Amino acid sequence: MALAHVLGFPRIGAHRELKFAQESFWKGASDEAALRATGATLRARHWQAQADAGLDFVTVGDFAWYDQVLGTLALLGAIPSRFGFDPKQLSLADYFILARGSKQHFAMEMTKWFDTNYHYLVPEWTADVQFNGGVDWLHDEIAEARALGHKVKVALVGPLTLLYQGKIKSGLGHKLDLLPKVVAGYQQLLQRLHAAGIESVQIDEPILALELDAAWRNAFAPVYAQLNAQLSGSAPALLLTTYFGEVSEHAELLRSLPVAGVHLDLVRGADQLEQIVAGWPQDKVLSLGVVDGRNLWRTDLDQVLTKLKPLQAQLGDRLWVASSCSLLHVPVDLANESKLDEELKSWLAFATQKLAEIVALKLALNGKAAEVEAQFVASRAAQASRRSSSRIHNPLVQKRLAAVTAADAERSAGFDARIAKQQAKWQLPAFPTTTIGSFPQTAEIRQARAAYKRGEIGHLDYLDKMREEIRIVVEKQEQLGLDVLVHGEPERNDMVEYFGEQLWGYAFTANGWVQSYGSRCVKPPVIYGDVYRPEAMTVGWSQFAQTLTAKPMKGMLTGPVTMLQWSFVRDDQPRETTALQIALALRDEVCDLEKANIGMIQIDEPAFREGLPLKSRDWPHYLDWAVRAFKISAAGVGDETQIHTHMCYSEFNDILPWIAAMDADVITIETSRSDMELLDGFGEFAYPNDIGPGVYDIHSPRVPQVDEMERLLRKARGVIPDARLWVNPDCGLKTRGWPETYEALENMVLAAKRLRQTVEQERKAA
Ligand SMILES: Nc1nc2c(c(=O)[nH]1)N[C@@H](CNc1ccc(C(=O)N[C@@H](CCC(=O)N[C@@H](CCC(=O)N[C@@H](CCC(=O)O)C(=O)O)C(=O)O)C(=O)O)cc1)CN2
Ligand SMILES: [Zn+2]
C-alpha cells in the first residue's frame, strides 16, 4: 500500500497568527509563554489537518520560531559564538537576537533559500563552532504531537545542506573541515530521536539539486554510512529528500546510499524518474513529489496517477506519494478566499487542498478510486476549464509581443553619453544620497488601507491620507538633506501585489499569505492569463510627490523578472513569455512617467538573482530573457531620463556581467550584511555604470553609526570610481519604525558628507 506524506507545512498560520505573536513579543507587549502557546496551537492545528486529510504521518520539525536553518543550528548547538550565548541555555529572546541583531550584535546574514522568496539565516562557520547539542524544542514538539495521538515523522535539514548553506567566517580552509563535528552532532541527535522511539526521519538534502563539485558529492556516501552505522540497523529510518530540481546525475549514489528511502521532486524534475527508478533497490522507499509545493494550480490527478501506476507494480509499499517540497511556499487554505470567483478558485489548491490531493492519489493507487472519484472529477473539470477559458488569452497582448524587435530593448545612446546628459541636467553632488523607495509602513497607514478595504472610509479619504503621508515623507527627506527623493510607497500593500492588482491577467488573494522571512509575509498574486496594463498605475502618485519638492523625485516600479518571480505563475506557457508580457506593460508605465516629467525612474529587480536556475547549464537561457525583459521595460525613454534599478538579498558576484548588461544608469544593491563582499567581484569584473552599494542593513532595527558607514564607503571607493558611487541603504525602509529610520538616514547623510570632505582634502593635497 502506498503511503502519503508532505515534506512540511506552512507554520505562519492561515491568518498569520505566528507573525502577530512574534511581533507582540518583540514589542514587549506579551511574554514568552504567550508566544509559545500560539506556536503550540498552530502546530496542533497543522498536524490535525494532516491527520484529518489521511496522511500516514504528521511532519514534526518543520515549525520554526523564525527560520528552520536557524532552528537547526539551535537544535545542534551550532549558533555563532560571537553572540556569547550558551547553546544549551538559549532562550527565545536570545534566538531572536541571532536573527534580528541587537545594539551590541549584528544580526546573522540572511539570504534566499535556493530559488525561493523564502530567506534563511546563514550559518556562520568558524573553527570553534560546536555541534554538541542545543535546545530541546524539537524534542518537546515531538512529545506534543504524540500526546495528540499522531504518528510522527521528524524532518531535519541534512548535515551537508546545512554545511553548504553556511559561510566560513574564520579559521577554516573548507566548510567540509567541519564534517567530523557535524556528523557527530547529527549522530547524537539521531540517537536521541531513536531513544524517543522515532521511527522515521526525513533528512533534507536539497543541495543535491545543485551542481556539486567532487568534494561535496563524495561526502554523501561516508556521511550517510556514518549516520547509518550509528543507528546499526535500528530505527529511525532515514528518508533522504531532494527537491527544487532533478538529481539524475546522482542516480547511482542515491541507489547505493545507506538510507531507507529517497524523495524526488517530480514537479521540477519530471524527467529524472526513469533514470532513477531503473534498478531501484528492493529495500528502498521512493517518495515521489507529484503535488507542487511551489505553485498553486490544482494537480492534474489523472495525469499523475497514470505516471504512478506502473511504478506501483515495481515498488508496492515502497512507493510514497508526496508534495514536491515543503508546502512552506504556498498559502494555507483556499477556503479562506472569499473574493476569488468560483471559476478561478476551481483551478487552485493551497496547502490544505494539496494534502487532500496527495491522499486522493494514494487512495486511488491503493484500489480505493471509488472513494476519491469526486476529487478526480473536480480535477478533470478544472483542467478542462483552464484550457478553454476565454479570460486567459488576450490577442492584443500576443500580437504586440510578436512584434517586439531587438531595437526595443536598447536605449538610444550608450551609458557614457547618457550619464553626461543626466549629470548636466541634475547637477547632483559627489556621492549622491538616496533611498530605495519605501518609508515606514506605519500602523496608521495599514489601518487606513484596512478601513478602506472594509468600506469604512471612502476612496477620496484614503487618497487624502496617503497624500498626507507622502507630504510627511518628502518633508523629512528634505530635512535630512537627501539628494534624490522618493514618495515612500505608502499606497502599496506590497511592491508586487500592488501592481498585480492593477494589471489584467493577475488575480490576488485576500488571505494567501506566504512567509518571506521571520514574521514577514507576502501575498503573491496569481498570474493566470496574458498580462495587460489597462491604465497608468503610478503616475498620479509620482506627479503629486514631485510637486512637493524641487529635488528629483524617483518614480518607483517593480521590474518584470521580480513581478514574475514573486507571483504564482501560469504553467501553460514558458515563464519568459509571461515576463515579456509584463515588460511591455511596464514599458508603457515608464514612458508615461517620463511624459509626466518624472526624470528618474527606478525599476526594482530584487528577485533577479533568485530567478537564476539552480544549475548553471540553464543560466544562459534565463539570463538572456531576464536581461531582455528588463531592458524592454526600461528602453522606451530618452537619454536624459535616468533609469535606476535595485537588487537585494542575494549573492551577485557570479552574475555581475549580466547585471551590467541590464544597462541601468544607476543600480542600488544590497551589500552591508556581508560587509561589502560584492566588491570582491569587482576584481574580475569592473561594473561600468553608477552604483550604490548599500551601506546599512535595513532588516535589523539596529541604527548604524556614521563611522561604520564611512568605513564601508571607503572600502567601496577602493573599487568603484568616485564619479560612479552613490550612497544609500541596502533596501526599502517599509519594515522599519520612524525614529530608527530617521536617525539612520541622518547618519548616512553625514557619512556621505564626510566622504565629500575627504575627497576635497585629497584634491587639495594633490
Ligand atoms: N513580495 C515581496 N517579496 C519580497 C519583498 C517584498 O517587499 N515583497 N522584500 C524582500 C524581503 N521580504 C519582505 C516581505 C514582506 C515584507 C512585509 O513587510 N510584509 C508585510 C505585509 C505587507 C502587506 O501586504 N501589507 C498589507 C496588509 C497589512 C496588514 O497586515 N493589515 C492588517 C490591518 C492593518 C493593521 O491593523 O496593521 C490586516 O489586514 O489584518 C497592507 O499594507 O495593506 C508583513 O508581513 O507585515 C517585507 C519584506 C524579499 N521578498
Ligand atoms: Zn530591496
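The backbone N, Cα and C atoms fix where each Cβ goes, glycine too.
TrEMBL has this to say about the protein:
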| type | residues | note |
| --- | --- | --- |
| DOMAIN | 4-314 | domain 'Cobalamin-independent methionine synthase MetE N-terminal' |
| BINDING | R16, E17, L18, K19, K112, R520, C521, W566, E610 | 5-methyltetrahydropteroyltri-L-glutamate binding site |
| DOMAIN | 431-753 | domain 'Cobalamin-independent methionine synthase MetE C-terminal/archaeal' |
| BINDING | I436, G437, S438, E489, D604 | L-homocysteine binding site |
| BINDING | I436, G437, S438, E489, D604 | L-methionine binding site |
| BINDING | H646, C648, E670, C731 | Zn(2+) binding site |
| ACT_SITE | H699 | active site, proton donor |
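C731 (Zn(2+) binding site) and I436 (L-homocysteine binding site) have their C-alpha atoms 5 Å apart, to the nearest angstrom. DSSP assigns L18 (5-methyltetrahydropteroyltri-L-glutamate binding site) to a helix. Of the candidate recorded positions, K112, I436, C521, H699, the one lying closest to H646 (Zn(2+) binding site) when CA atoms are compared is I436. C521 are the binding-site residues among S438, C521, D604 whose C-beta comes within less than 6 Å of an atom of ligand 1, given in sequence order. If you compare every pair of Cα atoms in I436, G437, S438, E489, D604, the residues listed for L-homocysteine, the longest distance is 13 angstrom.
Same-chain residues with CB within 8 A of the center of the H646, C648, E670, C731 CB atoms, the Zn(2+) site residues themselves not counted, are I436, P606, M647, Y649, T668, I669, G694, D730, G732. Among the binding-site residues D604, C648, C731, the residues whose Cβ sits under 6 Å from any atom of ligand 2 are C648, C731. Neighbour count (other Cβ atoms within 10 Å of the Cβ, all protein chains): 25 for D604 (L-homocysteine binding site). Each residue contributes its Cα atom, and for S438 (L-homocysteine binding site) and C648 (Zn(2+) binding site) those atoms are 14 Å apart. E489 (L-homocysteine binding site) sits 24 Å from K112 (5-methyltetrahydropteroyltri-L-glutamate binding site), taking the CA atoms of both as reference points. Around the Cβ of E489 (L-homocysteine binding site), the number of neighbouring Cβ atoms within 10 Å comes to 26.
There are 26 other CB atoms within 10 A of the CB of C731 (Zn(2+) binding site), with all protein chains counted. Within the set of binding-site residues R16, C521, E610, C648, the entry lying nearest in space to D604 (L-homocysteine binding site) is C648 (CA atoms). In space, H699 is the closest of the recorded positions G437, E670, H699 to L18 (5-methyltetrahydropteroyltri-L-glutamate binding site), judged by Cα positions. Take the CB of G437 (L-homocysteine binding site) and look out to 10 A: across all protein chains shown you find 25 other CB atoms. Its Cβ placed at the centre, S438 (L-homocysteine binding site) has 23 other Cβ atoms within 10 Å.
When the binding-site residues I436, G437, C648, E670 are ranked by how far their Cα is from the Cα of E610 (5-methyltetrahydropteroyltri-L-glutamate binding site), C648 comes first.
Straight-line distance linking the Cα atoms of K112 (5-methyltetrahydropteroyltri-L-glutamate binding site) and H699 (active site, proton donor), rounded to a whole number, equals 14 Å.
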